[in-house]
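First comes the structure, then the notes that go with it.
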Amino acid sequence: MKDFEFFAPKTLEEAKGLLHQYKDVPPAIIAGGTDLVIEINDRWEKPDVVIDIKKLKELEYIRVEENTIHIGALSTFTQIENHPFIRSHVRALYKAASQVGSPQIRNLGTIGGNLSTSSVAGDGVSAMTTLDATVVLESVRGTRQMKLTDFFDGEGFKRRNALEADEIMTEVIIDRPDAHSASAFYKLAKRKSLAISVIGGGMAVKVDDAGVCTWASMRGGCIGRYPLHFKQAEEMLVGAPLTMETMEATLPILHDTVYDMARARPSVLYKKESVQGVFKKLFVDILDQLEGGCNE
């Protein structure tokens with residue numbers, strides 16, 4: 001391991017100042033360290049400057065407001081998993097948070113780190129994309145908000161997302177669900193814990209008083225560089241009564257979309273079939289919630 005300069009700012013303003021000061025290096029940010037420490041030990045990352053932001057307690061919160069939920073970037077997966085409102089009302093996020101790594105990893109890993117790392121297999125990435133999340137990025141230059149999907153499409157200093165070298169993700173915002181909405185997440189993996197997703201499927205819907213779908217979001221993680229958008233399947237659901245029959249009618253579209261996206265990969269033969277099984281489980285969960293079933 002090479003030597004590097006290490007800083008542990010106590011305030012967000014101090015952290016932004018350090019990021020600006022060393023932006024040309026550029027610095028590596030560490031929070032939980034569940035990704036960066038491994039990358040440094042394996043010599044994938046060789047930073048000259050490391051900024052530890054774990055002391056920034058001002059970024060560690062979950063705030064439920066009238067129409068939105070605000071999650072500080074330093075909120076751990078354990079904190080998200082154990083939050084009463086998220087557990088009972090935001091099932092996609094609860095399920096994703098509860099299946100990240102192991103209890104030890106969930107105690108350290110943060111939602112901001114998960115999204116900023118932008119791993120293909122990130123459970124938080126799949127869930128938050130499904131929920132149409134917005135992220136907040138801050139620097140001494142100012143603050144900007146963008147949809148998570150736009151964040152992933154950006155080309156920042158690491159070319160993996162829109163984050164610039166002097167920026168820090170401070171918050172994630174999602175819509176607060178109501179009685180006419182539901183979300184679900186299912187992680188297909190080789191083991192029940194300490195496993196990387198094979199497919200991380202996410203689904204969210206809104207319906208009217210008659211049970212007709214007014215909005216749908218369907219995403220498949222670990223299929224492409226970022227969660228695959230099943231846009232054609234969503235369009236089939238919107239305007240139709242949300243029943244098992246109408247949802248299962250989208251399965252051939254899911255199959256074909258995965259094949260078209262990943263046909264050059266050896267895993268496509270497995271994933272184009274298994275994605276249908278993943279979403280069948282999501283359909284059951286969605287209907288259970290809309291019909292007043294158990295949210296646990």
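Cβ coordinates are placed from backbone N, Cα and C, and glycine is handled just like the others.
According to Swiss-Prot, the protein has these features:
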DOMAIN    1-179  domain 'FAD-binding PCMH-type'
BINDING   29-36, Gly101, 110-114, Asp123, Arg160, Met169, Lys187  FAD binding site
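Known features from Swiss-Prot, placed on the structure.
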{"residue": "Ile29", "record": "FAD binding site", "Cβ contacts under 8 Å, 6 or more apart": "Leu19, Leu36, Val50, Ile51, Ile53, Ser116, Ile168"}
{"residue": "Gly32", "record": "FAD binding site", "Cβ contacts under 8 Å, 6 or more apart": "Lys54, Thr76, Ile105, Leu108, Gly109, Thr110, Gly113"}
{"residue": "Asp35", "record": "FAD binding site", "Cβ contacts under 8 Å, 6 or more apart": "Gly113, Thr117, Ser119"}
{"residue": "Arg160", "record": "FAD binding site", "Cβ contacts under 8 Å, 6 or more apart": "Thr117, Ser118"}
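In this structure, Gly32 (FAD binding site) belongs to neither helix nor strand by DSSP; it is coil. The predicted model assigns the domain 'FAD-binding PCMH-type' (1-179) a mean pLDDT of 94.
A simple way to gauge crowding: the CB of Gly113 (FAD binding site) has 25 other CB atoms within 10 angstroms, across all the protein chains here.
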